[in-house]
Amino acid sequence: MALYFLYKPSALQSIQYSREISGNAFGNNTCISTSKGSGNLRLTALSEREIKKKKKKKKKKKKKKKKKKKKKKKKKKKKKKEEEEEEEEEEEEEEEEEEEEEEEEEEEEEEEEEEERRRRRRRRRRRKKKKKKKKKEEEEEEKKKKRRRRRKKKKKKKKKKKKKKKKKKKKKKKKKKKKKKKKKKKKKKKKKKKKKEEEEEEEEEEEEEEEEEEEEEEEEEEEEKKKEGGGGGGGGGEEEEEEEEEEEEEEEEEEEEEEEEDEEEEEEEEE
């Protein structure tokens, strides 16, 4: 026969086990049952039928318990599964919400970035426009400056030219005037000279006439003296004096002519 020890280690957990003990320590058809109670070991002797019955009952109970446990486990598992599913659903919803939020954030960010890009583009365009305008204004200013400089230069040149022309004209006029004056002077001089020559000719003619008259008078006087018969020596002395005077006059005339010639030469050189 076999000897069985039944042991319940805890009220929560029911573990049944048997161990075959060799030998007849307690005799044939004997079962030792242990139960946790007051803490003492109780030994009960049962018959083989009772043991079988009890064993069957126990087995049934165990099966029932196992079934119940299995059902409970299944229910628990199902519940757990449902909870997990719910959790998963919640997680999925949360994830979806998060994704939606992320998408919204991304969209917002994209919109902000787009807006920023637009602002940058606008700023760039404005700067470009401003720069272009400034450049244009500077170019215009430079053109104006150049035009002013050219006008100034032209004006200066014109003024210079005018001044030069005026100066030239003045010089020409002066020269002309001088020439005219010289010409007039020369003409006047010539006229004067001519007049002088005419006067000199007249004077010479008059002198000649006077001389002729004097000679005639002298001849008449000589004739009269000859007729009277004396006074020959005195007449010869007077003739010598007259000749000397004539020579002096001729020399003076020659000097005057030389002076006039010198003046004419000087005028020609000046011209």
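Backbone N, Cα and C define each Cβ position, glycine as well.
What TrEMBL says about a protein is an automatic prediction, not a curated fact.
Marked as compositional bias 'Polar residues' by TrEMBL: 27-38.
What TrEMBL lists as compositional bias 'Basic residues' is 52-80 (among others). Counted with DSSP, the compositional bias 'Basic residues' (52-80) comes out as 29 helix, 0 strand, 0 coil.
TrEMBL lists 83-115 (among others) with the feature compositional bias 'Acidic residues'.
According to TrEMBL, the compositional bias 'Basic residues' annotation covers 118-135 (among others).
Marked as compositional bias 'Basic residues' by TrEMBL: 144-195 (among others).
The compositional bias 'Acidic residues' annotation in TrEMBL covers 198-223 (among others).
What TrEMBL lists as compositional bias 'Acidic residues' is 237-271 (among others).
Per TrEMBL, region 'Disordered' is recorded for 27-271.
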Task = Pull the DSSP breakdown for the compositional bias 'Acidic residues' (83-115) and write it out as helix, strand, coil residue counts.
result = 33 helix, 0 strand, 0 coil
Inquiry  = When secondary structure is assigned with DSSP, how many helix, strand and coil residues does the compositional bias 'Basic residues' (118-135) contain?
reply    = 18 helix, 0 strand, 0 coil
